[in-house]
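Here is what Swiss-Prot says about this protein:
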- Arg24, Glu81, Lys120, Lys446: (6S)-5-formyl-5,6,7,8-tetrahydrofolate binding site (BINDING)
- 216-368: domain 'TrmE-type G' (DOMAIN)
- Asn226, Thr245, Val247, Thr250: K(+) binding site (BINDING)
- 226-231, 245-251, 270-273: GTP binding site (BINDING)
- Ser230, Thr251: Mg(2+) binding site (BINDING)
Amino acid sequence: MNASPSTIVAIATAAGTGGIGIVRLSGPQSVQIAAALGIAGLQSRHARYARFRDAQGEVIDDGIAVWFPAPHSFTGEEVVELQGHGSPVLLRQLVARCIALGARQARAGEFSERAFLNGKLDLAQAEAIADLIAAGDLRAARAARRSLDGVFSRRVDAVSESLTRLRIHVEAAIDFADEPLDTLGGAQVREELTRTRALLAQLLRDAERGRKLRDGLHAVLIGPPNAGKSSLLNALAGSDRAIVTDVAGTTRDTLHEAIQLDGFELTLVDTAGLREGGDAIEREGMRRARAELQRADLALIVLDARDPQAARDALGDAIDAVPRRLWIHNKCDLLAVAGPMDADAIAVSAVTGQGLEHLHTRLRELALGDGIESVDGEFSARTRHVDALHRAEQHADAADLELRYEQLELAAEELRLAHEALGEITGKLSADDLLGKIFSSFCIGK
């Protein structure tokens, strides 16, 4: 255990009023501070009714106190939770009294940080706590719960253990450099590395899916002015989120709206119409539209169904940045007769609703069917996890190449770097500044 000398305190429930509010203490003085509040006779993991008193003996609040002795607590330290009424005034007064008795205000994420430092959970699990709290839909919440339960970490550990075995074999071969690699089990090393690279590649694919589950997909509505992008966003969102007029260039800024697709969050981004010219404000809107495209997972290209080819030509190469695209011919209700349709386009009318069900189906297929389908054991992941796995994969591939030419020292270094990248995910090889950045994004009471 990495015991901390100080005792910390914070409100553990969400901001605002509620039926119940919780103040959490963690550290060696937790029980003594509780006693000074007037809470005597605490028993391990037993709820005890008490009145919480100030320095003059006046009652601050009454409620339940629970003691979790070390190391059998969330943080691994002595923990006392004070459960009273959810009044921010009373909770702040209770925290102030605890501070007067020797505790200090906890930093953001400090309870989870202590749990990590005391070996109660690893870094990926600690991050999953924040992801679980912030989950925007049920699937994201379930994925975060699996990461908190260690599903992601165990798979990282499995690859890490395989890399450890490989490093042992390669380092041993370096010590016996006069012997050919094949006489030292070179074939088995290459076979193990091939298997490890396959595990790593699959883990990377699953982590990419986990990142999308956590962050959702960003779909940018792009197209020329007056193609009906804002009307389409309103139709998909089921509310009038964007201003709609007959004047081309009405949309000047980006507008984000989240919708749910079978329990998966898709963020729609309405953007300014792309065209030549325009005033300074409209040109800034078009610049922002192109910037959104650079970050998009999916481009919804909205064209006027009455002349889609001309609208396509007006876009130029703006959509080349997004590999996944869905062509939408809007305003199909204004066609006197059905015109020629591109094979890859969907005809809709944002005004009448024609074709919207087909569009919803196609969006679900793109969002859920391409690497986002529901699978057993899916877990939550973050961009930093995906980045670390990418680097681990690159180093493992480089190690394979070095082994082919029997460059053992170079192969050993590449394996070490791959191992180090994996260690960043669970926190086994993380710099202090990285830990500080991660935990500072947590809630104060976590």
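Each Cβ is built from the backbone N, Cα and C atoms, and glycine gets one as well.
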Quick check on the binding-site residues Asn226, Ser230: which one has the highest count of other Cβ atoms within 10 Å of its Cβ? Ser230
Taking just the CA atoms, what is the gap between Ser230 (Mg(2+) binding site) and Lys120 ((6S)-5-formyl-5,6,7,8-tetrahydrofolate binding site) in Å? 49
Fill in the CA-CA distance, Glu81 ((6S)-5-formyl-5,6,7,8-tetrahydrofolate binding site) to Lys229 (GTP binding site), as an integer in Å. 51
At the Cα level, what's the spacing in Å between Lys120 ((6S)-5-formyl-5,6,7,8-tetrahydrofolate binding site) and Lys229 (GTP binding site), rounded? 49
Mapped onto three states, the DSSP assignment of Arg24 ((6S)-5-formyl-5,6,7,8-tetrahydrofolate binding site) reads strand
Work through the binding-site residues one by one (Arg24, Lys229) and point out the residue whose CB has the fewest other CB atoms within 10 angstroms. Arg24
Collapsed DSSP category at Lys120 ((6S)-5-formyl-5,6,7,8-tetrahydrofolate binding site): coil
Inter-residue Cα distance where the pair is Ala272 (GTP binding site) and Asn226 (K(+) binding site), in Å: 10
Cα distance (Å, whole number) from Arg24 ((6S)-5-formyl-5,6,7,8-tetrahydrofolate binding site) to Ala272 (GTP binding site): 48
Simplified DSSP label at Glu81 ((6S)-5-formyl-5,6,7,8-tetrahydrofolate binding site) comes out strand
